[in-house]
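Visitor: Please find one structure pasted underneath; my questions will follow.
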Amino acid sequence: MRGFNLLLFWGCCVMHSWERHTGPTLKPTTKDNKCRDSTMCPSHATCTSTVDSYYCACKQGFRSSNGQNHFKDPGVECKGVPFKCKEDVIPDNEQVQQCQERTTVKPEYVSFCAQMNNIFSVLDNVCENKTTVVSLKNTTESFVPVLKQISTWTNFTKEETSSLATVFLESVESLTLAAFLKPSANVTQTVRTDYLDIESKVINKECSEENVNLSLAAKGDKMKIRCSTIEESESTGTTGVAFVSFVGVESVLNERFFQDHQAPLTTSKIKLKMNSRVVGGIMTGEKKDGFSDPVIYTLENIQPKQEFERPICVSWSTDVKGGRWTSFGCVILEASEIHTVCSCNRMANLAVIMASGELTMDFSLYVISHVGMIISLVCLVLAIATFLLCQSIRNHITYLHLHLCVCLLLAQILFLAGIDKTDNQTGCAIIAGFLHYLFLACFFWMLVEAVMLFLMVRNLKVVNYFSSRNIKMLHICAFGYGLPVLVVVISASVQSQGYGMHNRCWLNTETGFIWSFLGPVCTVIAINSILLTWTLWILRQRLSSVNAEVSTLKDTRLLTFKAFAQLFILGCSWVLGIFQIGPVAGVMAYLFTIINSLQGAFIFLIHCLLNRQVREEYKRWITGKMKPSSQSQTSSILLSSMPSTSKTG
C-alpha cells in the first residue's frame, strides 16, 4: 500500500496551482487538436492542445523529471512520487470534512479544525513548493508547534483525537520521505528538538554485504532493521530509512485507545498504562506487512517495569474510527526494568502498554484449558482407533461419532498450535479461517448426532431403523462438511478482514464478524437442547415398554449419567459462555473451560469405556483371544450408541 499511496504526491497538488503555472497562453482548445499522436507525451502523462501548440502534464500521483508542471521536451519522464499530500491523508469522517469545506465551521468544530489545519499547513508548504529542496531539519521544526499544543487534544472526543493523531503521524512520515527526494538528503541526518527526534539514513553502500543490520536512534529509543528487509520494500530512486521518537504523544494517545480482547472475562480487572514514547519507523518504497526478517524496536520505559506488570507492544492502526492501538503483528522479545524490545513484521508507529492486575485467574484458566485439551486429544485418538478397528460396533451411528471425533481432533490441534501465531497477518488469517470451519463442522456433526439420537429413541421398537431407512452417509457428510464451507465462504466474501485479530488468530470480535460463528453455534445449541430434552422425555415414557432385551437394563444411575453426559457431547454446555458476566463470571469461566476442553474425554468415556461390546473387544485385544461365534447382535449394536439403552455387562 505504501507504493500506491506514495505515488500521489505531486498529482494531488497539480489542480491547486494550475493557473499560477500555466498562464493564459496555455488555455486548452478543442479546435485543431495537436494531441492526435499518443507518443507526443510520455507514459503517465496527458496531452492538452492549446491555440498554438500543446503541452504534457503528469497524471495524479506522478511528477515530471524536470520539475515542471507542463512540458513538451520528449526527454522528460513522469515518475511516481513517494509521499502523500493533504488530499491523501484526510480521514473520511464528518468532522475533518467540515474543516475542508469553505462554509462556516460549526462552533463545536472550530478548535478541532484549527488543530487539523495546522498540520495540513505543514504539508501544503511542501506540496505547493515542489521544486524547493525539502530540509529534514526545517520539516521537523515545523511540527514542533503542533506538538506544543498536543495537550489540548484531550478536550476532543475520542474519534476526533484519533483522527488528529492519524493525520499527524502520516504527515510526519510523508515529509520525512519527501526529504529523501532532494540532493541534500543524500547523507545521514539527525535532527533533535525538545519534542521529537528524527534520524534518517540514505542507503548507498551500507547494504552491499549480506546479513547487515542498520541501527537508528531517537531520544532513548532504537530501531534495528536488516538490509534484506529494506530490499523487500522495492524502493525506486533514493532508498532510505528513518526513525522518529515523539515526546508527549503517549499522554494523548493513551491506553484508552487500546483494549486487550485476549483477556478472558473474569472477576479480576486488568489495569493498563502507556509506558513508552510513541515512535515511528519510516522507509521508502512499498509499505509491506510480513517481512521475512522482523524490525526490532527497543523502547525506553517511562517508568521502571514492575515484576507484576507485563508489557504489550502496540502499533497504531487506522482500521476503526480514525485509529487505535493494536498488538497485531508485534511480539515482545525482551522486557527489562528500563527497556522493552519489540519485534514487528512491518514498519509502524509503535508504543508499549503495561498491563497490571490480578492475573492468577487468567493463568489458571490457560493451564486448565491446555491440560484439558491434551487429555481430550489423547481420548479422541483412542476413540477414533476404536471406531475404526472395533468391528462389532460398526454402523451408521459409530460413523457419526468418528466424523465428530476427527473434526474435534483437528480443531483442537490447530487451536493449540496456531491460535497465537500472530506474527504473520496472512498466516494468522488462514489459521482463523480453518478454525472457523473446523469448529463449525464440529457443531454441525453434533447436530447430526442429536437428530439421529432423537430418531433412534422415537423409533425404539424398530430394531434396524437406520438400515431399513437406507440412510446414505454421503448425504450426511455433505451436510456435516458442506454447510460449514458455505458459512465460511459467505463470511469471507462479506468481510475478508474479519479473520485474524491483533492478539490471536480468531474471528474479529470488534466489528461483529464473530457472529458468523456464534450465530450458527447458538442455533445448533438451541436445537440440540430441544432435541435432547425431547429425547429424554420420550425415553422415560417408553423405556418400560420396549422389548425384553432392553427392559433388563436396570442400572438407572449409569443410564442417568450417560444421558446427562450427552449434554457435553452434543455441545450444549457451550451455553455457559453466555453467562460469563457479572459476579458469576469467574465461576462460569472455570466451568466453561473445564467442561468444553474435556469434550473428547466425554466421547471416549461414553461411547467406548461404558459400552459393553467395546470393553469385550478391548479384552480380546489385550488377551489375544479370537472373537467367539455368537448370536446376532444387531439390536445390541444399535442401542449401544444410545445413552439410555447401552449395555454395561
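Glycine is no exception: its Cβ is also placed from the backbone N, Cα and C atoms.
Model, not experiment: these values are computed from the prediction.
For reference, TrEMBL lists these features for the protein:
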type	residues	note
SIGNAL	1-19	signal peptide
DOMAIN	31-68	domain 'EGF-like'
DOMAIN	194-360	domain 'GAIN-B'
TRANSMEM	363-390	transmembrane segment
DOMAIN	365-611	domain 'G-protein coupled receptors family 2 profile 2'
TRANSMEM	397-417	transmembrane segment
TRANSMEM	429-455	transmembrane segment
TRANSMEM	476-494	transmembrane segment
TRANSMEM	514-539	transmembrane segment
TRANSMEM	559-581	transmembrane segment
TRANSMEM	587-610	transmembrane segment
REGION	627-649	region 'Disordered'
Visitor: Is the transmembrane segment (514-539) packed against any residues at least 6 beyond its ends, judged by a Cβ distance under 8 Å, and which are they?
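Guide: Hits for the transmembrane segment (514-539): 436, 439-440, 443-444, 446-447, 450-451, 453-454, 457-458, 460, 487-488, 490-491, 498, 507-508, 563, 566-567, 570-572, 574-575, 644.
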Visitor: When you scan the chain for residues with a C-beta under 8 Å from the transmembrane segment (363-390), skipping those not six or more beyond its ends, what do you find?
Guide: 264, 266, 398-399, 401-402, 405-406, 408-409, 412-413, 415-416, 589-590, 593-594, 597-601, 603-605, 607-608, 613-614, 617
Visitor: Cβ pairs under 8 Å with the transmembrane segment (476-494): which stretch of 397-417, 429-455, 587-610 has the most?
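Guide: Most contacts with the transmembrane segment (476-494): 429-455.
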Visitor: State the residues, same chain only, that lie 6 or more residues beyond the ends of the transmembrane segment (429-455) and have a CB under 8 A from a CB inside it; answer 'none' if no residue qualifies.
Guide: 396-397, 400-401, 403-404, 407-408, 410-411, 414-415, 418-419, 421, 465-466, 476, 479-481, 483-485, 487-488, 491-492, 499-501, 505-507, 516-517, 520-521, 524-525, 527-528, 531-532, 534-535, 566, 569-571, 641-643
Visitor: Should anything in the same chain at least six residues away from the transmembrane segment (397-417) have a Cβ under 8 Å from its Cβ atoms, list it; otherwise answer none.
Guide: 370, 373-374, 376-377, 380-381, 383-384, 387-388, 431, 434-435, 438-439, 441-442, 445-446, 448-449, 452, 456, 466, 473, 476-477, 480, 599-600, 603, 607, 638, 641
Visitor: Need one number: mean pLDDT over the domain 'G-protein coupled receptors family 2 profile 2' (365-611).
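Guide: Mean pLDDT, the domain 'G-protein coupled receptors family 2 profile 2' (365-611): 79.
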